[in-house]
Amino acid sequence: MGWQAERAKVVINVGGVRHETYRSTLQTLPGTRLAGLAEPGAASRFDYDAAAGEFFFDRHPAVFAYVLNYYRTGKLHCPADVCGPLFEEELAFWGIDETDVEACCWMNYRQHRDAEEALDSFESPEPGGEAAGGAELKRLCLDEGRPGGWWRRWRPRVWYVAFASLFFILISITTFCLETHEAFNRVINKTETVAVGNGTGTQVAVEVETEPFLTYVEGTCVVWFTFEFLMRVSFCPDKRDFVKSSLNIIDFVAILPFYLEVGLRGLSSKAAKDVLGFLRVVRFVRILRIFKLTRHFVGLRVLGHTLRASTNEFLLLVIFLALGVLIFATMIYYAERIGADPDDVTGSRHTYFKNIPIGFWWAVVTMTTLGYGDMYPMTWSGMLVGALCALAGVLTIAMPVPVIVNNFGMYYSLAMAKQKLPKKKNKHIPRPPQPGSPRPPRRPPARDACPLAQEEVVEINRAGERGTGSSAFWGGGGKVGGRGMKFRGL
């Protein structure tokens with residue numbers, strides 16, 4: 001009976017830590033690596049120590065505890081103190097599908113992939129490195145069809161172009177703001193000839209004209225932006241992706257009104273003047289050039305990632321505010337009617353809240369703790385509603401804000417890590433698989449698969465095909481266990 005119990009158990013040594021379980025436990029997930037240990041010929045196909053009666057795997061021991069617990073309980077949890085890519089590689093080695101991770105740990109497991117996507121969008125840490133050059137080439141759409149020597153030769157000049165682009169962006173924004181100042185606008189009288197009945201007459205029109213030198217400065221900036229836009233269109237290998245980019249659309253929309261305004265300025269028809277007046281109204285699109293700074297400042301890209309990652313929180317905040325505004329605007333309207341004069345039929349002569357839509361503005365200002373003071377309750381019941389509205393506003397805004405702050409902190413730390421991360425010169429190549437070890441079935445890589453895991457699989461395959469000498473070494477050489485170092489096959 002004791003012999004059968006010993007045969008029903010399996011001892012697994014993972015990284016020097018011994019684990020003991022039943023063969024029936026390993027058979028709960030057929031097709032996995034551990035399920036193969038319960039098969040009759042497992043000792044010949046895996047690294048089995050007959051003297052110690054155990055199988056040995058040189059893998060992460062802490063992660064294996066969670067893997068073995070999955071066989072025992074049927075629930076796969078992700079350790080909080082282990083990096084995501086490492087846990088992903090361990091799951092791939094043991095042949096476990098990542099979709100089996102429990103819902104409580106899924107976000108923690110997926111967090112590393114989101115971090116890798118965010119890191120790819122930030123600047124490389126080594127401005128002079130090859131990786132940085134490739135990233136900069138890709139960002140400028142100059143990375144295909146041109147040798148690396150071309151980029152290294154022109155790279156310093158490209159940085160001058162980037163600084164010039166930043167300079168013109170700041171000058172254009174400054175000019176846009178100065179055009180609205182009274183000191184740079186002058187009122188002029190224009191005499192126009194108009195048709196009066198069967199004859200003609202003169203009419204004096206008063207117009208506001210901006211100082212000419214500001215127009216010349218803006219024209220110079222637009223010429224530079226046009227040159228930059230055309231160069232980027234010419235060198236971009238994928239025109240469809242270029243057109244879909246939001247920053248490129250902003251560049252085009254900010255440039256086009258200037259040329260239309262210049263072209264229509266010399267025309268005197270009424271339609272041309274109407275279009276010209278419309279273009280002057282839509283001059284505000286030039287302020288969108290401020291978003292072009294995201295190409296040069298990491299902090300603005302961090303803000304952009306934070307806003308995209310916090311879309312659900314912003315939507316939740318808007319819903320909370322909308323509900324609060326509707327509720328408190330209705331409450332303040334009826335609360336102010338409690339102390340109304342009996343002779344006042346409408347009950348609104350003593351209060352600012354004539355109707356519920358007017359109360360919407362008051363509720364927004366109060367819930368966001370702005371308090372302009374243009375509207376305020378006049379009765380004791382209205383003051384009580386106002387106090388509740390202010391308290392509810394503080395609680396409403398405080399609930400989603402910590403999530404947004406945490407997202408910003410995460411992306412900012414990733415950006416700083418990307419900048420300060422030293423350049424890796426020598427990449428570690430994992431050892432080839434041991435002879436006889438069954439390899440997991442090849443699966444097509446997922447779209448969001450971890451790049452680190454893919455590189456390791458490639459390196460392992462290359463090392464396995466390099467020759468039999470290295471395989472013989474690992475097959476007959478040492479393993480490090482909890483008891484020290486053993487040499488087998490000597």
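Glycine residues also receive a Cβ, built from the backbone N, Cα and C atoms like all the rest.
All annotation found in TrEMBL is predicted automatically rather than curated by experts.
A quick note: this is a predicted structure, and the numbers were derived from the prediction, not measured.
Per TrEMBL, the features are as follows:
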- 8-112: domain 'BTB' (DOMAIN)
- 422-454: region 'Disordered' (REGION)
- 158-176: transmembrane segment (TRANSMEM)
- 213-230: transmembrane segment (TRANSMEM)
- 242-260: transmembrane segment (TRANSMEM)
- 314-335: transmembrane segment (TRANSMEM)
- 356-373: transmembrane segment (TRANSMEM)
- 385-414: transmembrane segment (TRANSMEM)
> Near the transmembrane segment (213-230), which same-chain residues lie under 8 Å Cβ to Cβ, leaving out any that are not at least 6 residues past its ends?
Replying inline: 161, 164-165, 168, 171-172, 175-176, 178-179, 184, 248, 251-252, 254-255, 258-259, 262, 289
>> Looking only at the domain 'BTB' (8-112), how are its residues distributed among DSSP helix, strand and coil?
In response: 50 helix, 20 strand, 35 coil
> Is the transmembrane segment (158-176) in contact with the transmembrane segment (314-335), using three or more Cβ pairs under 8 angstroms as the rule and ignoring pairs under 6 apart in sequence?
Replying inline: no
> Taking a Cβ cut-off under 8 Å, which residues six or more beyond the ends of the transmembrane segment (385-414) line up next to it in the same chain?
Replying inline: 115, 118-119, 122, 299, 302-303, 305-306, 309-310, 313-314, 316-317, 320-321, 324, 328, 331-332, 335, 363, 366-369, 376-377
> the transmembrane segment (158-176): which same-chain residues, six or more beyond its ends, come within Cβ distance under 8 Å?
Replying inline: 136, 140, 214, 217-218, 220-222, 224-225, 228, 283, 286-287, 289-290, 292-293, 295-296
> Mean pLDDT for the domain 'BTB' (8-112), as a whole number?
Replying inline: 88
